[in-house]
Amino acid sequence: MQSKNPVFGRAVGFNSRQAADVAAPSADELQNMYAAPSATPTQTGRMTYDDVVVKTGITFGVLLAGAVVGWLNPQFAMVGLIVGLVLGLVNAFKRNPTPALILAYAAFEGLFLGGISFMFENTEIGGAQLDGIVAQAVLGTLGVFAAALFAYRSGKVRVTPKFRRGAMIALGGYAVFVVVNLLAQMFGFADGTFGFRDGIFGILIGLFAVGLAAVMLVLDFDFIEKGVQAGLPAKYAWTAAFGLTVTLVWLYIEMLRLLAILQSGD
């Protein structure tokens, strides 16, 4: 058979004269072909749980390296915040993940986290020294992560369309509150350390934010599980790593703020 396609035309299977010289497989050869094990997801270029773990580990390694630099140079925290925010938005709206951009986001976000962690650890709020707050926030973040993972894996929390819709509405509402609170601080309508997030109201908002971050973790776990089951291309392991990093960074910041409010007594 002659192919009109210039690429296939050079292949053996499309050349009738060459194809005629290929011997038919024997019965034993056919049996061996059918008995061979199926290709694994890794061999077929599909996303696996191992892929997600490795990519997330790499991303967090870069994040921690950036955090060390930020801790030693807290004056660069604002640079990390701005660049990290821009890169976060770029990665969030890209259809296909770009590992270099995701790792760059992790580096600058780490720079911000290291700087702000240093400031919390070495600053008095409401007359209270916040010694040890960083370690407490890290442990709290790990605890919430473990609890969310257990709740999801045990089936106690199921992601349904209604669950997802409610989570998105809550996230949108919280985002509006954050913007309003920030503007109120900028224009002097709220004079507390954390704007409207001081006192009992601040504690309640902090608990809500931590709970909402836990819900977002559940959605991240669901994306990973559904992605593996659907056989998404391996490159989307980077998307999963990015999503987990964004959520855990947010959760850590909320933990810092909540602990600061609790310890300061404001």
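Placement of Cβ uses the backbone N, Cα and C atoms for every residue, glycine included.
TrEMBL annotations: computationally assigned, not manually curated.
Straight from TrEMBL, the features:
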- 52-70: transmembrane segment (TRANSMEM)
- 76-93: transmembrane segment (TRANSMEM)
- 100-120: transmembrane segment (TRANSMEM)
- 132-154: transmembrane segment (TRANSMEM)
- 166-188: transmembrane segment (TRANSMEM)
- 200-224: transmembrane segment (TRANSMEM)
- 236-253: transmembrane segment (TRANSMEM)
**Complete:** Given 76-93, 100-120, 200-224, the one sharing the most C-beta pairs under 8 Å with the transmembrane segment (236-253) is 200-224
**Complete:** For the transmembrane segment (52-70), out of 76-93, 100-120, 200-224, most C-beta pairs under 8 A are with 100-120
**Asked** What parts of the chain pack near the transmembrane segment (166-188), using Cβ distances under 8 Å and only residues at least 6 beyond its ends?
**Response** 194-197, 205, 208-209, 212, 215-216, 219
